[in-house]
Amino acid sequence: MGKNVVVLGTQWGDEGKGKIVDLLTEQAKYVVRYQGGHNAGHTLVINGDKTVLHLIPSGILRDNVKCIIGNGVVVAPDALLKEINMLKERGVPVEERLLISEACPLILPFHCALDIAREKARGNKAIGTTGRGIGPAYEDKVSRRGLRIGDLFNAELFATKLAEVMKYHNFMLTEYYKVEAVDYQKTLDDALAIADYLKSMCTDVTELLDTARKAGEPIMFEGAQGTLLDIDHGTYPFVTSSNTTAGGVATGSGFGPRHLDYVLGIMKAYTTRVGAGPFPTELSCEIGDYIGHKGQEFGATTGRKRRPGWLDAVAMRRAVQINSVSGFCLTKLDVLDGLEEVKICVGYQYPDGTVETVTPLAAEGYEEVTPVYETMPGWSDITFGATSIEQLPAAAIAYIKRIEELLETPIDIISTGPDRNETMILVNPFN
């Protein structure tokens with residue numbers, strides 16, 4: 001029987017999930033996105049050719065894989081169409097490989113307008129959203145006024161529902177935020193123009209996945225963002241609007257949680273964060289600049305500069321607990337090449353001198369803590385492109401072993417570069 005594997009980020013996103021998903025899809029029949037929207041950015045490099053995906057699952061470049069967008073994903077029709085056309089121009093037969101749940105909430109222009117207006121109104125207290133309407137679309141879903149892809153298939157009813165929700169949101173835009181209203185007729189026409197095309201790719205995702213499971217076909221679930229951005233378990237309120245953790249698989253795809261076999265946590269050899277929010281191990285110094293420059297730490301979605309820092313084992317322990325991580329994939333080890341020493345945060349010290357090895361439950365709690373570091377020797381040898389443990393310097397191996405000890409979880413895959421072949425698979429999640 002085929003295994004069902006979850007691949008998700010265990011930090012604040014940008015861990016290198018896209019490459020690993022693409023690599024492992026060689027053994028999967030289905031790749032499923034179950035949360036988030038086009039605020040995610042997954043970068044694939046195949047034979048030096050770079051592809052950045054935001055909404056479509058990373059398995060789309062494989063001809064043996066069906067890609068699924070589950071009900072937990074918020075879909076902006078214009079962004080989806082743009083991504084499809086980009087792939088089709090490169091010869092990828094997207095319509096043959098992509099299936100979508102008609103229960104996906106729609107992101108419409110007024111969601112983006114609200115997102116931007118809110119961030120502007122917050123001033124220096126801005127959360128750091130991508131401005132793509134993700135949060136407002138999830139709000140509409142939870143408040144039960146949101147429109148879904150399936151609503152597009154009844155034009156008359158969709159027009160009525162759209163008028164109701166736009167009346168509400170345009171009032172907020174004009175009266176509270178003092179910005180222009182979004183045009184109803186244009187929003188309606190643009191949405192209905194893509195309705196038939198979307199309908200051709202829609203399916204009952206729950207039924208499809210359960211049928212695949214019973215047939216023994218391996219399924220991969222691709223997470224977006226990272227554990228520390230989870231709406232419930234992340235550094236709230238500096239989080240995304242969906243469940244980025246393993247629990248989101250069941251709610252965002254309709255696949256029963258008892259049928260998941262392995263959870264692969266993706267973790268950088270250091271830490272980055274993009275946008276606002278607490279970050280205890282942040283390096284606002286020359287070493288941070290070195291890591292950020294060498295690691296090319298710029299967001300795939302927004303191009304924003306990421307904030308670099310040392311690996312935070314305290315936060316990673318929380319990620320292991322929340323996701324029941326089976327094993328880790330350690331990425332960007334090569335970025336640490338050349339440093340005289342490397343550090344791992346092993347505790348948080350509070351003003352009264354106490355040291356804790358668990359994370360605070362609210363963002364404000366992070367303001368009090370000072371990271372307690374364990375310092376290890378760095379290495380001058382190059383790890384970039386290494387394909388076996390034997391090729392790694394002793395200090396790098398010691399660093400890996402120490403991470404495993406601190407997290408009580410094995411590192412099953414090591415990535416030493418952006419290309420598919422620059423990877424060591426020590427334990428294959430699908431075996």
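Cβ coordinates are placed from backbone N, Cα and C, and glycine is handled just like the others.
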Matching residue for the IMP site, where Swiss-Prot names Asp14, Glu15, Gly16, Lys17, Asn39, Ala40, Gly41, His42, Thr130, Arg144, Gln225, Thr240 - out of Arg90, Arg97, Arg304: Arg304
Which listed residue (Lys19, Arg304, Lys305) has most other Cβ within 10 Å, given these are binding-site residues: Lys19
Least Cβ-crowded entry, counting other Cβ within 10 Å, from the binding-site residues listed as Thr43, Thr130, Gln225: Thr43
Distance, Asp14 (active site, proton acceptor) to Thr130 (IMP binding site) (CA atoms, angstrom): 14
Pairwise CA distance, Asp14 (active site, proton acceptor) versus Gln225 (IMP binding site), rounded so that it is a whole Å: 7
Cα-Cα distance linking Asn39 (IMP binding site) and Gly303 (substrate binding site), given in Å to the nearest integer: 12
Alpha-carbon spacing, Gly41 (Mg(2+) binding site) to Gly13 (GTP binding site), which is rounded to whole Å: 9
Candidate with the highest Cβ count within 10 Å, taken from the binding-site residues Gly13, Gly16, Gly41: Gly13
